[in-house]
């Protein structure tokens, strides 16, 4: 049979006897399985143990409740990819970025931010193999992907980073095991996975996630494995850390040098003005706060600006993310051919073969011209721009004509000053209006109006405007030139004339042009949203082309009190508030209308007019509506506004009634839920979260203050940055900007430290060491000591396997903050030298050192002695007057007075001392703390302090050899003491018990005379002993003969065995030789 055999599929009976039988059998089995009595506890003790065990497991789940201060729109979570070199970190980031965004990055340079979900963004950060960079990453990472090389094993960099994490706040850690394709044997691979998992659990915690990446295809890991990892990243729950929640910080994803190029041409080493971009995290940050950049030092913020989010979360709820919402923001990596550097933007315009000979477009021509230009002035000189839409283009080098205002001519310098003021503003129209408002009121005409000049100017303007045939647009432009308030209605202009005292028409003012923005020309109008918002806030109906025309008119008789209301809110100079002046405002309504029309775009959005809401609604200005509502709440409003506010909800009830109803419903709900009482833990969590919510609500009301909040994308400008920061800029090294509130002063820091068990050498007092605490890393000189409840005794070396205290000099740090210590020069495989916590900040601390002085008696007079060779002068003796001294024999004494100037002093003892005694004084000397603080500026170039041993090693210097420091053998002479002699007169007076007793004895031996019976007994014992000795002698000789015979026989047997082995060996080798010859 050529074809493959096929079998008919089995068809299950759905009806009939067989089907009914199976259904009954299934029900019977389920009935047995669902028996409620079958699985009950038969023993009450076992049930009690199970209940206790369940309660203990529930208690283990509890942890200290912490406030969740995550903002409404949280910043992207920082996922740090950490591992030793050549373990697959870059490939892992590329694979994850492709999984989320369908982009394949050519290289990873700096942070990469992507939108991973409907409410989540992720910033991937590759950690370089440098202990300084690893320390910074450990302080900001929310989730750590620990990449492990399965073919090599755990490396010291992995353990060092885990210790850094434990010191600075342990975030979530997940392991990724790579290079598993090197194992061809499945059993071996399975064993390696098991060993890695258990070792990883030992270092992190039991049950920590460990992912396995089996291989690489097409430059990335397998899609199924990356999908599994990405799902776990998306649903991970991050525990808030206290330090990060109480300090503002930012991970810079873009760095830009804003220094004037002319300054750099004259002085390349001048301090720079640097702009850092990134998402703000932690708490809020003010505009002039002090910040610390690890590796660069402390700086003061010069400017903090809120920018549009480059990688925003989708604006509304979506079931899934479309391709257009899967954004990626990696300014220092090349994404879609665009890459930002520290001082330039690189655009890679890739052409296919059929596009090489194609005609370049306007944008490409602009790019090529920009590349050819040598400096900004040359670039500007090559461009042309339109003053009005459709008008003849003007070159950038064109000389402007002076403006004439009623026979008053402005010089070219004054016109250039006005133009520079207009161009110095930001792209936002509101800022331009503010800058233009600086024009002096004297620019308006104060004499008779020259109508002929106005008509001539109008004809010239119409000739230059080659716009469309839309009459409304032309009329609008002309009205903006000649009007007094920028309004379109003639009635409003009439009202303004009446309000301004009937001045009629006003003379035209200077027509300014908007400065050309090259960034908008090359990359498009990036500030379109801002411009749109600002135009809406003004409530104008001008077209986009009309933005280049600015016209303002001011009258001589404007009521400056009315003009003041547009710019100043709150109380007036006399202390009267807005409510007291409401009547006056109603009386002067006409004057206000005139002032409003005279001001035009210059409206104060904080003041709400009584009947101006309809205008705002018609103009569609959302910002005006919000400011009008806030102004009405601050200054009060009329009954009509109150009625509208009361009926703002969908039920038509006021806010007070709705609040009362809500409280009643809450009481009913609480009464229904009385049966479900919350435990203490849940109550504490809710109470803590209530504090956070109330604080957040209060802070939201302070939105007008210049604060930058967590989750916002901000631009931070720092001046006076050393030039090494930009010259040595490396995108792969993370740049962290951390706020340091109340942490600027220097003091003594008392710490509790322990040498790391893997560091091979003990720590020595006086050796410079690097301390990483808070945002800072600084080099200092520690002094180790132990507290014995009485004094702080200095230690020359740290203990071997226990904690000790240390004092260093550095900036203020919050007590309880963890720190780690390491040396700049790695001398061993493991770099972390010690870890600990901060105890307190203090200004003074007394640490004492043992001081032992020795002296020898020179004169002895009863219990008084003169001791020398202990001090060198009488001044030293005076300092130790009254000190306790002691001899080697244990006789105690006291220092009295100096005797002479050579350091000899008089001392008294409790007994008479001898000339051979040694007198010593035990004291404690307070040692000074070395106040040395050297910030680690790894991003700059600064020389660090080295230890004495390093200097000697580098200069090949020998250790000084002091003879007094050598250990010498101790030679003690044996003293002979004379026998005790008691005078006979004293002996006679002693009692008998204490008298010396001499007993005289006869030392000569006496002869013993035995009788007849004793002689027989002695003779019999002698004979018996003789027989026993003879018998023992014969037995010994017999044993020796037997032993000699046994040795002889044994030797003979060994000789025969050797002969047999030798013969067998000869026969074997003879046969082998014959076989080899045959072969």
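For all residues, glycine too, the Cβ spot is worked out from N, Cα and C.
Features of the protein shown, as given by TrEMBL:
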- 1-30: compositional bias 'Basic residues' (COMPBIAS)
- 409-443: compositional bias 'Acidic residues' (COMPBIAS)
- 457-467: compositional bias 'Basic and acidic residues' (COMPBIAS)
- 486-495: compositional bias 'Acidic residues' (COMPBIAS)
- 573-625: compositional bias 'Acidic residues' (COMPBIAS)
- 632-646: compositional bias 'Acidic residues' (COMPBIAS)
- 1042-1052: compositional bias 'Basic and acidic residues' (COMPBIAS)
- 74-239: domain 'Bms1-type G' (DOMAIN)
- 1-45: region 'Disordered' (REGION)
- 409-511: region 'Disordered' (REGION)
- 524-548: region 'Disordered' (REGION)
- 568-653: region 'Disordered' (REGION)
- 1042-1079: region 'Disordered' (REGION)
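Across the region 'Disordered' (1042-1079), DSSP assigns 37 helix, 0 strand, 1 coil.
The helix, strand and coil residue counts that DSSP assigns across the compositional bias 'Basic residues' (1-30) are 14 helix, 0 strand, 16 coil. Listed by sequence, the residues of this chain that lie at least six past the ends of the region 'Disordered' (1042-1079) yet keep a Cβ under 8 A from its Cβ atoms amount to none. Confidence across the domain 'Bms1-type G' (74-239), taken as the mean pLDDT and rounded to a whole number, stands at 91.
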